[in-house]
Structures are given as C-alpha cells and as structure tokens.
C-alpha cells in the first residue's frame with residue numbers, strides 16, 4: 001500500500017499549495033520581502049551547485065551508446081511535444097487555454113536528473129546512460145523548451161521575444177551552471193560532502209516557486225474562472241501521456257534490441273519530466289502572469305504520477321534483472 005502513497009516532498013508541496021490559498025499576501029508587491037527576487041537568487045544558486053556537482057568524465061565515458069541516447073532524447077523532445085501539440089489543438093472546446101498551455105509546457109520540458117538516475121539504479125539499469133541523458137536533456141531543455149512554447153503561442157511568452165526568453169534562461173540557469181563547472185576543482189570536495197544541502201535547496205526553491213505562483217493566482221482570483229471538470233480532465237490527460245510514453249519507449253527500446261540495462265535507463269529518462277527544471281523555466285517564461293499556477297498544474301500532477309509509476313516499474317525491472325542474472 002505504501003508505494004501508492006505520495007512521498008514526503010509531494011505532501012509538503014500540497015501543504016504549500018494550501019498555504020498559498022489561505023495566506024497569499026506574502027506574494028503581493030506590498031510585502032516587505034520580494035519573494036520573486038529571492039526565488040531568482042535561489043534558482044541561480046541551485047544551478048551553480050548542480051554545475052559544481054556534475055562530473056564531466058562520466059558523460060564522456062557514455063558517449064558511444066548512441067542508440068540509447070537517440071531514443072531517450074527523441075522521446076523527450078519529439079514524442080512528448082507531438083503528443084502535447086495534438087492535445088493542445090484538439091481540446092480547445094473543453095479545456096481553458098492556460099491548462100492546454102500547461103499540458104504542452106509539460107511535454108516540452110527536459111527529463112528529470114536525480115529521479116531518473118535514482119530509479120535507473122534501483123531497477124539495476126545502466127546508470128552511466130541515465131546520467132548522460134538526464135544531464136544532456138537538462139541542457140537541451142534550456143533552449144528547446146522556450147522554442148517549442150513559442151511555436152505554440154508567442155503570446156505565451158508575454159512581452160518577451162523567443163531570443164530574449166532563451167537569453168534570460170541562459171543567464172539565469174546556464175550561466176550559473178557553467179560557473180559551477182568552472183569552480184568545480186575548487187569546491188568539488190565540499191559539494192560532494194554536503195550533497196544533502198543541494199537536495200534541500202533544490203526542493204526549497206521548487207516549493208517557493210509553487211507558493212509564489214499559487215499565491216499570486218489566489219490574489220488575482222484566477223481559480224474561480226475554472227470548473228472542477230476541467231481540472232479532472234487535465235488529470236486524465238496527464239495520466240494518459242505518462243502511460244503512452246512509458247509504453248512507447250519500452251516498445252521502441254525492444255525494437256532497437258537495447259540491452260535490459262539500457263532499456264531501463266531509456267524508459268526512466270525518456271518518460272519523466274523535471275519539476276526541478278520546469279518550475280524555474282516557467283518562472284522565467286511566464287514571469288508576472290497570474291495564470292502561472294494553472295500553467296504549472298499539469299506538471300505538478302505529472303510529477304506525482306511519475307513517482308508512483310516509476311517506483312512500481314523499478315521494482316518490476318529489478319525483479320526481472322535478478323531472474324536474468326540467476
């Protein structure tokens with residue numbers, strides 16, 4: 001029964017959403033602390049530490065496995081967006097534009113890093129392949145995600161052009177990441193010794209982004225404009241996307257004759273979407289929009305569902321790997 005229950009972070013996330021509904025005032029411009037500025041500083045610090053924590057040699061060692069890499073990146077940046085486009089243009093009569101945009105935004109995001117690698121390790125898959133693809137996906141997403149969003153709706157970027165959106169993401173996310181890589185020889189030992197700080201900071205920034213976006217939506221009275229049926233339909237669509245991508249990636253991995261270890265890495269890296277990257281990217285692309293919480297809602301639903309699905313799948317893969325080794 002425990003595997004179907006949300007983990008502590010998801011429960012904390014739900015509490016933060018409730019807090020934003022009950023006490024939205026700290027997210028208002030009148031509050032004595034600018035939470036948006038605090039969020040931006042936190043995002044930059046997180047990506048700096050991610051850069052310092054990444055070991056380049058692990059990526060180089062995995063370069064040769066091109067079939068697994070190609071499948072994973074194609075799933076993330078071709079299969080997912082195609083599904084997202086189909087849903088975006090076919091649900092105009094039943095879903096609000098903000099929720100449709102949120103679903104497409106979800107499909108345009110890069111893969112998770114920590115979750116996909118952890119699940120691959122748990123399932124006894126190829127960790128080097130998972131590390132390579134999760135990291136590459138995260139870097140690609142800084143450019144591909146805003147480009148895909150602009151293809152659907154340039155108005156989604158507010159007053160920003162595509163070029164300025166990419167530049168803003170590069171400045172806020174990529175630049176700190178590169179600085180972290182440059183500082184790695186100096187601070188590597190400290191960062192490696194205190195990885196728990198990075199994990200806590202990572203999750204803390206995500207929770208702050210969620211609080212600010214939901215609180216601003218509450219202040220603007222956005223939630224009253226949408227029915228429970230629309231939210232329910234969004235949840236069904238998100239669940240369908242997850243099921244389709246896991247099934248398709250597994251099928252293609254076997255058609256390509258990937259080893260079981262590479263299949264596991266491709267499935268977990270290809271089917272997961274990053275809340276850790278998605279929340280900061282949304283904060284940049286839709287800055288100042290009172291609909292930000294609605295746009296992020298499908299991603300938050302997907303995050304919970306992918307944790308349950310991948311944990312269950314990881315156990316099945318681990319059992320299969322043990323049987324194969326026996």
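Cβ atoms are placed via backbone N, Cα and C, with glycine included.
Keep in mind that TrEMBL annotations are predicted by a computer and have not been checked by a curator.
The shown structure was predicted, so the numbers you read here are calculated from the model rather than taken from an experiment.
TrEMBL lists 9-25, 31-49, 70-89, 101-123, 130-154, 201-219, 231-252, 292-314 with the feature transmembrane segment.
Annotation: stretch 101-123 has the most Cβ pairs under 8 Å to the transmembrane segment (292-314), among 31-49, 70-89, 101-123, 201-219, 231-252.
Residues of the same chain lying 6 or more positions beyond the ends of the transmembrane segment (101-123) and with a Cβ under 8 Å from any Cβ of it are 50, 72, 76, 80-81, 83-85, 87-88, 95, 129-131, 133-135, 137-141, 144-145, 148-149, 152-153, 156, 199, 202, 234, 237-238, 241, 264-265, 268-270, 272-278, 281-282, 285, 294-299, 302, 306-307, 310-311, 313-315, 317-318, 321.
Just going by CB pairs under 8 A, the stretch in 9-25, 31-49, 130-154, 201-219, 231-252 that sits most against the transmembrane segment (70-89) is 231-252. It is 201-219 that, among the stretches 130-154, 201-219, 231-252, forms the most Cβ pairs under 8 Å with the transmembrane segment (31-49).
Nonlocal intrachain contacts for the transmembrane segment (201-219), taken as residues 6+ away from its ends with a CB within less than 8 angstroms of a stretch CB, comprise 9, 12-13, 16-17, 19-21, 23-28, 35-36, 38-39, 42-43, 45-46, 49, 114, 275-276, 279-280, 282-283, 290-294, 296, 300.
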